[in-house]
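Participant: Once you've had a glance at the structure underneath, I'll fire off some questions.
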Amino acid sequence: MHYYRYSNAEVSCWYKYLLFSYNIVFWLAGVAFLGAGLWAWSEKGVLSDLTKVTRLHGIDPVVLVLVVGVVMFTLGFAGCVGALRENICLLKFFCGTIVLIFFLELAVAVLAFLFQDWVRDRFREFFESNIRSYRDDIDLQNLIDSLQKANQCCGAYSPEDWDLNVYFNCSGASYSREKCGVPFSCCVPDPAQKVLNTQCGYDVRTQLKSKWDEFIFTKGCIPALEGWLPRNIYIVAGVFIAISLLQIFGIFLAKTLISDIEAVKAGHHF
């Protein structure tokens, strides 16, 4: 007489469709980021001449948007298809990538805390490089303006950092109308003005330094950001914890689904 053993293992529909729902959000967000990035590049003519990306000495914010979009799109696609098709390879790729990103984030946070001076120097170099390219890219220009207005700062460490830009440089060789000035985002806002004055920073640095703070922000953006972090440490920590919990939840769902699928496949061998 032959005895057959039947396995009761089955793939949980709850975990399967929860993981699918989790990843469809990633996938849609990735599509949105990719669409926004490609649209921005088309508006700047980059899609018709990709060499414009290499000619920019600073960072193009659109590149960051596209990189995030590609990562989210790829992970979302792998997670969605892996969950629906019960494909272990795609699920392991999704789970492994999320684990890698999680530990990279953790490593960056720890290293940034341990090597604060090194991070500060690299950020200064990064900021100064983008000051030089301020007029080369409209998205970079908007990013710097937003940073300076939000933090009420000007330059990396002082308004004099704008000498690094050929248009704002105070040297005698410059014939720019913006010579010895700063961008409008450095200006102290006037509540009485209803229309934005984009020329408020013209010739400001030709005046005595003691009078600069009447017209423009004199604190650098790096000290301003260093002061912002301790004041908002709970918000930063909360965001980091929320992102970490979302990643851990995704890893848990993927690992659980992989275990269910492997258990079902193992049961078929009896």
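Yeah, the Cβs are placed from backbone N, Cα and C, and that goes for glycine too.
Annotations in TrEMBL come from automatic prediction, not curation.
As annotated by TrEMBL, transmembrane segment applies to 20-41, 62-84, 90-115, 233-254. The disulfide bond annotation in TrEMBL covers C153-C186, C154-C170.
Set these features in their place in the structure for me.
Facilitator: Cβ atoms under 8 Å from those of the transmembrane segment (20-41) belong to residues 47, 62-63, 65-66, 68-80, 83-84, 94, 139, 249-250, 253 of the same chain, restricted to positions at least 6 beyond its ends.
Long-range contacts of the transmembrane segment (62-84) within its own chain (CB-CB distance under 8 A, at least 6 residues past either end) are made by residues 16-17, 19-20, 22-38, 40-41, 44, 46, 53, 90-91, 93-94, 97-98, 139, 250, 254, 257.
Beyond the ends of the transmembrane segment (90-115), by six or more residues, the same chain brings 23, 75, 78-79, 81-83, 240, 243-244, 247-248, 250-251, 254-255, 257-258, 261 to within a C-beta distance below 8 angstroms of the stretch.
Within its own chain, C186 (disulfide bond) has Q148, C153, C154, G155, P159, W162, G201, V204, I216, F217 as residues 6 or more apart in sequence whose C-beta sits under 8 angstroms from its own.
Under a cutoff of 8 A between CB atoms, and with a sequence separation of 6+ in the same chain, the neighbours of C170 (disulfide bond) are D163, K179, C180, R205, T206.
Long-range Cβ contacts of the transmembrane segment (233-254) within its own chain (Cβ-Cβ under 8 Å, at least 6 residues beyond either end) map to 15, 18-19, 22-23, 79, 82, 91-92, 94-95, 98-99, 101-102, 105, 109.
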